[in-house]
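Swiss-Prot has this to say about the protein:
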- Asp13: active site, proton acceptor (ACT_SITE)
- His41: active site, proton donor (ACT_SITE)
- 12-18, 40-42, Arg305, 331-333, 413-415: GTP binding site (BINDING)
- Asp13, Glu14, Gly15, Lys16, Asn38, Ala39, Gly40, His41, Thr129, Arg143, Gln224, Thr239, Arg303: IMP binding site (BINDING)
- Val299, Thr300, Thr301, Gly302, Arg303, Ala304, Arg305: substrate binding site (BINDING)
Amino acid sequence: MPAIVLIGAQWGDEGKGKATDLLGGRLQWVVRYQGGNNAGHTVVLPNGDKFALHLIPSGILTPGVTNVIGNGVVVDPGVLLTELAGLDQRGVDTSRLLLSADAHLIMPYHVAIDKVTERFLGAKKIGTTGRGIGPCYQDKLARVGVRVQDVLDEKILTQKVEAALEFKNQVLVKIYNRKALDPQQVVDEVLEQADGFKHRIADTRLQLNEALERGETVLLEGSQGTLLDVDHGTYPYVTSSNPTSGGAAVGSGIGPTKITTVLGILKAYTTRVGSGPFPTELFDQNGEYLAKTGGEVGVTTGRARRTGWFDAVIARYATRVNGITDYFLTKLDVLSSLDTIPICVGYDVDGVRHDEMPMSQTDVHHAKPIYEEMPGWWEDISHARTFEELPKNAQNYVLRLEELSGAYISCIGVGPGRDETIVRRDVVR
């Protein structure tokens, strides 16, 4: 049976949680393969209950699904325990959550350094969430990180923390004029937190591969989006991991030949949180309309999202970079009540037309959108359950996005609820 990768095709916040939730009843496993609690998924159940998840996979809300925090994720122990407690309080069964022994832990010193670094950079800041994600990945690549399995051996944990703080305390005290952290206090805090999740630690790469061999279906759930990928995104305004499909194999331990479907999630317009280039960004009443109607506030940060028209250049780019086979188009309903809807089909960069993503960072910053306009619609589309039930102009808009993006739009979101979805083609195949 298949391994399906779910990818954000823009700058994150595309509605990946809704897609996971929709597929949940047909999945046996849902896996987070990268990132940390610097991104959020919102899921609205048929009864109206709304859940905001930051670290735990969205499949936790579907009974019978085993959820995995994979080796490519960086885990804040406190956030994990808080999120689990919140789900438990609301009656959600969290017993089927596993934690890769090889995932890295976000330590208190990662958070401290992240926050003071952003403040120090001031206007030149990248716009991180200040949750220690980047510093944790830095330690991982420098081979000095603390892994989940280290909480099972206090001696190893202590050695790693002492070695890390020998250098990081120098940075905190001498560069940023902050207090030094006590190694033993850090160790004690982490071990106390570990008591709440040690029973979940597992060899998840083995379990996932055995599940596929048994014919079970696995969904690999990315956080953030393609344009935030550290290699393929709008560098340096990116995250510290690989949300793209290549990261799914690395961050889960599933071989790439096991992946049968790459489902890209596209918002019917474009949003971005934080700093960085955004060619179709709107600063007028249209931008305000999209932000207000779409409820564009970051789940994790609470920051207002920047809004703009649909950008087909980055959609085509995402299709190629990820090998996307299908798209789930979300928030089409937000565009109702617009007379015309512009679509960015290319960029003007200093007088030269670009139909594909510019190679250089400078060109991306200089890019001005080239628009074509589509007629809008005024009908309420939230009750449409087949493509044919959409207004003709809405159908034409979807078909044009499909043509420009280069992959079939299999699902269309017409509202926030799980049932407010049109399925044109089954993505579980």
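For all residues, glycine too, the Cβ spot is worked out from N, Cα and C.
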Just jot down the residues in the same chain as Gln224 (IMP binding site), at least 6 apart in sequence, with C-beta under 8 A of its C-beta; none if empty. Gly8, Trp11, Gly12, Gly35, Asn38, Ala39, Thr239, Pro243
Taking only the Cα atoms, work out how far Arg305 (substrate binding site) lies from Val414 (GTP binding site), in Å, as a whole number. 20
According to DSSP, Leu332 (GTP binding site) sits in helix
If you compare CA-to-CA distances from Thr42 (GTP binding site) to each of the recorded positions Asp13, Arg303, Ala304, which comes out shortest? Asp13
Helix, strand or coil by DSSP: which one applies to Lys18 (GTP binding site)? helix
List only the single closest residue to Arg303 (IMP binding site), chosen from the recorded positions Asp13, Gly15, Lys18, Leu332, Val414 by CA-CA distance. Asp13
Minimal Cβ count within 10 Å, across the binding-site residues Ala304, Val414, points to Ala304
Entry from the binding-site residues list Gly12, Gly15, Gly40 having the most other CB atoms no farther than 10 A: Gly12
Nearest of the recorded positions (Asp13, Gly40, Ala304) to Leu332 (GTP binding site) - Cα to Cα: Asp13
Can you figure out which of Asp13, Gly40, Ala304 (the recorded positions) comes closest in space to Val414 (GTP binding site), comparing Cα atoms? Asp13
Relative to the Cβ of Lys18 (GTP binding site), which residues of the same chain, six or more apart in sequence, are found under 8 Å away? Thr42, Val43, Val44, Thr330, Gly413, Pro416, Arg418, Thr421
Ten-angstrom check, please: count other Cβ atoms within 10 Å of the Cβ of Leu332 (GTP binding site), all chains counted. 25
Residue with minimal Cβ packing [other Cβ atoms within 10 Å] among the binding-site residues Arg303, Arg305: Arg303
